[in-house]
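Asker: When I checked Swiss-Prot for this same protein, it listed these features:
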type	residues	note
BINDING	His116	chlorophyll a ChlzD2 binding site
BINDING	Gln128, Asn141	pheophytin a binding site
BINDING	His196	chlorophyll a PD2 binding site
BINDING	His213, Phe260	plastoquinone binding site
BINDING	His213, His267	Fe cation binding site
TRANSMEM	39-59	transmembrane segment
TRANSMEM	123-139	transmembrane segment
TRANSMEM	151-164	transmembrane segment
TRANSMEM	206-226	transmembrane segment
TRANSMEM	277-293	transmembrane segment
Amino acid sequence: MTIAVGRAPSRGWFDVLDDWLKRDRFVFVGWSGILLFPCAFLALGGWLTGTTFVTSWYTHGLASSYLEGANFLTVAVSTPADSMGHSLLLLWGPEAQGDLTRWFQLGGLWPFVALHGAFGLIGFMLRQFEIARLVGIRPYNALAFSAPIAVFVSVFLMYPLGQSSWFFAPSFGVAAIFRFLLFLQGFHNWTLNPFHMMGVAGVLGGALLCAIHGATVENTLFEDGDGANTFRAFNPTQSEETYSMVTANRFWSQIFGIAFSNKRWLHFFMLFVPVTGLWMSAVGIVGLALNLRAYDFVSQELRAAEDPEFETFYTKNILLNEGIRAWMAPQDQPHEQFVFPEEVLPRGNAL
């Protein structure tokens, strides 16, 4: 009889940390959690701090906090002043010099929230990658979540990087986002941009597909239980599918003449439409950062200028855009001291 005596191989600190991070718990941490949880906490905490008591008087000449009388729809963490350029406005940097009050006044919370928010979103996408790998499924959830990340990064970071300063990014607030949308329309004619059109088609098309898919599945559910409603009538461990793909295929074949032939193609299409739309809108925003123009119908503008009786919806929208610029520039950028003489203000052909 032979007895072998040996030592268990020693485990390094990396293996110990890896086991602890991936331990089965109520809220999974994982390696992605090292990025996600601190960044999400700091971004949300910075936004709540700014909207509670930090003013935008020094950066925009506005009241933007609950302390100043704003409400949930009008509070915001505002962008720094135009004069700050693209400075990260670190608390210990040359602008604030470690003074927390001065840091708030200069708009230092905005880059703080924007950068931690971006890394928090990336951490959440990596979390979906990590958990998908651990449970043995494909990582398409993470791929889908890349679309809103692309929109966030393009709007809040890449667009102002293409402009003169962070000042031209959207502030973090509901009414502030609306102001930014008006800005994009007035200065970039964004609604006529083909990338915006693809984004709208993707988002609304995705919503339509989601509604149609949910209704079709509900219509073709098998009645395999005696529960009082849909949510009690099915056993979550049943081996067979809960709805009839064949019946759904026959229904839509009669409605449109065509239908999805299998579930894989159907669900890939539901993934493809909104994700592609959001990615295209993000590409369009990068184009706006570079001040690229799209769909300027100059021939119509020239004819409208020469012929008082000629006007199209396009030329009318161009006049509206000029009105937005003439109104918004002095209001939104008072530091530039813009003065527009009466004769340059836009007027429709009917006036």
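The backbone N, Cα and C atoms fix where each Cβ goes, and this holds for glycine too.
Mind mapping these onto the model and telling me what they sit next to?
Answerer: Taking a C-beta cut-off of under 8 angstroms and a sequence separation of 6 or more, His116 (chlorophyll a ChlzD2 binding site) has the following same-chain neighbours: Cys39, Ala40, Leu42, Ala43, Gly46.
Asn141 (pheophytin a binding site) falls within a helical segment according to DSSP.
His196 (chlorophyll a PD2 binding site) has a Cβ environment of 22 other Cβ atoms inside 10 Å.
Secondary structure at His213 (plastoquinone binding site), taken from DSSP and collapsed to helix, strand or coil, is helix.
Close to His213 (plastoquinone binding site) in the fold, though at least 6 residues off in sequence, lie Leu266, Met270, each with a CB less than 8 Å from its CB.
Non-local neighbours of the transmembrane segment (123-139) in the same chain are 22, 28, 30-33, 35-37, 39-40, 145-146, 149; each lies 6+ residues outside the stretch with a CB under 8 Å from one of its CB atoms.
Counting residues 6+ beyond its ends, the transmembrane segment (151-164) has Cβ neighbours under 8 Å at 79, 82, 85-86, 114, 117-118, 121, 170, 278, 281-283, 285-286, 288-291 in the same chain.
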Asker: Using Gln128 (pheophytin a binding site) as the reference point, find which of the binding-site residues His196, Phe260, His267 has the shortest Cα-to-Cα distance to it.
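Answerer: Going through His196, Phe260, His267 one by one, the Cα closest to that of Gln128 (pheophytin a binding site) is His267.
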Asker: Which of these binding-site residues is closest to His267 (Fe cation binding site) if you go by CA atoms: Asn141, His196, Phe260?
Answerer: Phe260
Asker: Should His116 (chlorophyll a ChlzD2 binding site) be counted as helix, strand, or coil on the basis of DSSP?
Answerer: helix
Asker: Around Gln128 (pheophytin a binding site), how many other C-beta atoms are within 10 angstroms of its C-beta?
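Answerer: Excluding its own Cβ, the number within 10 Å is 18.
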Asker: Excluding near sequence neighbours, so keeping only residues 6 or more apart in the same chain, what lies with its CB under 8 A of Asn141 (pheophytin a binding site)?
Answerer: Gln128, Ala132
Asker: Let me make sure I understand the structure: which of the binding-site residues listed (Phe260, His267) has the fewest other Cβ atoms within 10 A of its Cβ?
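Answerer: Comparing Cβ neighbours within 10 Å for the binding-site residues Phe260, His267, His267 has the fewest.
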